[in-house]
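Copied over from Swiss-Prot, here are the features:
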DOMAIN    2-247  domain 'ABC transporter'
BINDING   G38, Q39, S40, G41, A42, G43, K44, S45  ATP binding site
Amino acid sequence: MITTSGLTKVYRSRGREVTALDGVDLHVREGEVYGVIGQSGAGKSSLIRCVNLLERPTAGTVTVAGADLTALAGRGPRAGRELRQARSRIGMVFQHFNLLSSRTVQDNVELPLEILGKSGKERSRKALELLDLVGLADKARAYPAQLSGGQKQRVGIARALAGDPKVLLSDEATSALDPETTRSILQLLRDLNRQLGLTVLLITHEMDVVKSICDSAALMDRGRVVESGTVGELLATPGSELAAALFPVGGDASGDDRTVLDVTFHGEAATQPVISQLSRTYNIDISILGAAIDTVGGLQIGRMRIELPGRYEDNVVPVGFLREQGLQIDVVNETPDAATASASLVKEGAK
């Protein structure tokens, strides 16, 4: 549904160049909620503005719903008819609402339909339908100043849906909201994704947003995508920065002659007493140094940091037992020799 290839954006000012996007390749499948996460300055907002060509990319291509927007844009400063038509399939939700204070809630939602030349009757019908969809049917005649932050964002979402888009872009839509309101807006986005079949690309710096509603995610740093995939794939990837950030665990070894493991479990494995089975089977004392568990996409997923007595070479068999149970195991304090042994064990398990 959304594909970027070699997407590059360079800003030039007073003889200086700043590269905001550096060859970004991204693919968002139809009907999924895709989160792009990263710190301030990572290039997230530049990415989403290039996806709908609010910013013209310096290089690379953007394809949305089968249309190559970069080809449609041409070289002129203004958008042509074909590009405007392609953009009509894209809705945008902003961080700061951008509602017109002199217009009622209904009139704000009707604004895109006015621009499209729809009749007053059609505009009114569509706006009221959308306000009901976002839970604001009783606020149609209110003004933005009379609304809470969460209600304003709901109006922004309704306005973004006025043109019946196939894709919804969300640029930090919850960052100015309190935690409870954030949860309600995220649930609304997920409901719209399911009810309308919307493809949602959202930009955020909050890990909880990714955990709450995202099917897939990408981590950006300094204008590049450093990791991407489904949340499940990322959690199963050894050494994944995004997985570690989604489920952070801490704790250091109590001595040099100890093995520290990060254990990632999900699905059925999350409900099995694997650690106690390991302790009984091999008659070893296991220390739990840290743990985090949550529900992602309806599945229980968690990470645990445990300590085993003895060096890694002494624990190859117990580690193999854990991997046989379908768990992802990362050895935190392994030496180069232990790393080689660990890699060999993974290969054996894959045969």
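Any Cβ shown, glycine's included, is placed from N, Cα and C.
Surrounding the centroid of the Cβ atoms of G38, Q39, S40, G41, A42, G43, K44, S45, where the record places ATP, the chain contributes additional residues within 8 Å, namely H205, M220.
Per-residue confidence over the domain 'ABC transporter' (2-247) averages 90 (mean pLDDT, predicted model).
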